[in-house]
Amino acid sequence: MAALKNRNKNTSPPPKKTIQFVFWTLFFIVIISLFIVSWQLIESNVKKTGLLDRLFNREAARTESPSEIPVPLEIGPGVPSPGQAEDGLPIGPTEPAPEPADEFTLTGDEAPEPQSLTETKPAAPPVTPAPPAVQSRDRALYFIRVDGDGTILRTSVNRTVTLSDSPLEDVLRLLLQGPTAAEKARGLITLIPPGTKFLRAEVRGSTVYISFSEDFQFNTYGVEGYVGQLRQVVWTATEFSNVKDVQILIEGRRVDYLGEGINIGSPLDRDAF
């Protein structure tokens, strides 16, 4: 009986405080679970609507000084303003404008010197240099004058000749042209056959080789005419200090005789006549 009584004492119902503790514990667990789930939903909605960004932007706008408030851009209708999407919600936090660079002043050598505005005078026209003066020299040419008794005399005349690299050739060409009108008035003539052409001249040592055309071989005045034409050529050519004698060539070839037995196969000097 005693054991039964003790057993009945041990199986007595739990006290009322224990049940309340368990109830409130479960209640708080359920509330905390609901709060966690609800907080995730609230945080997601806040991020979607940008509520916190708008609140913080408004608070920052109140604390900014009037000089730092950015000037809003004028945007036409239908165009979303910067920082807003098409539905009117801000895209994200507005980035602050970059601070202006520190101003500095150039001093000393770094400061550019002021440029003076001066009137530019027109450039003077280029001066064309005067052409060099033509240099010339008097040269002696030999022509023939027939005396009253028929004697053939050689006569020299001076001609002004322009200086060149081939003065001897220039003089020989003038000789073939014959005397001028003034010289003819003085009775000067040439015995060189008309139509004779000067071909070339070459100085070898103290001898000049002068080549004429074939017309030089035919003289209508006979022996005296041949002697006279040779005398004109030899004396005119030997006026040059470096020429002592003359070798006559016909078309570039050496000919032994001219006309009626006048020997021209060797060089001729002034003493030959």
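Backbone N, Cα and C define each Cβ position, glycine as well.
Automated prediction, rather than curation, is the source of TrEMBL annotations.
Beyond its flanks by at least six residues, the compositional bias 'Pro residues' (123-132) meets no residue of its own chain at a Cβ-Cβ distance under 8 Å. Feature annotation from TrEMBL assigns compositional bias 'Pro residues' to 123-132.
If you look up TrEMBL, you'll see 168-259 marked as domain 'GerMN'. In the predicted model, the domain 'GerMN' (168-259) shows an average pLDDT of 96.
What TrEMBL records for 66-133 is region 'Disordered'.
Taking Cβ pairs closer than 8 Å, the transmembrane segment (21-42) reaches no residue in its own chain that is 6 or more past its ends. Residues or ranges marked as transmembrane segment by TrEMBL: 21-42.
In terms of DSSP secondary structure, the compositional bias 'Pro residues' (123-132) contains 0 helix, 0 strand, 10 coil.
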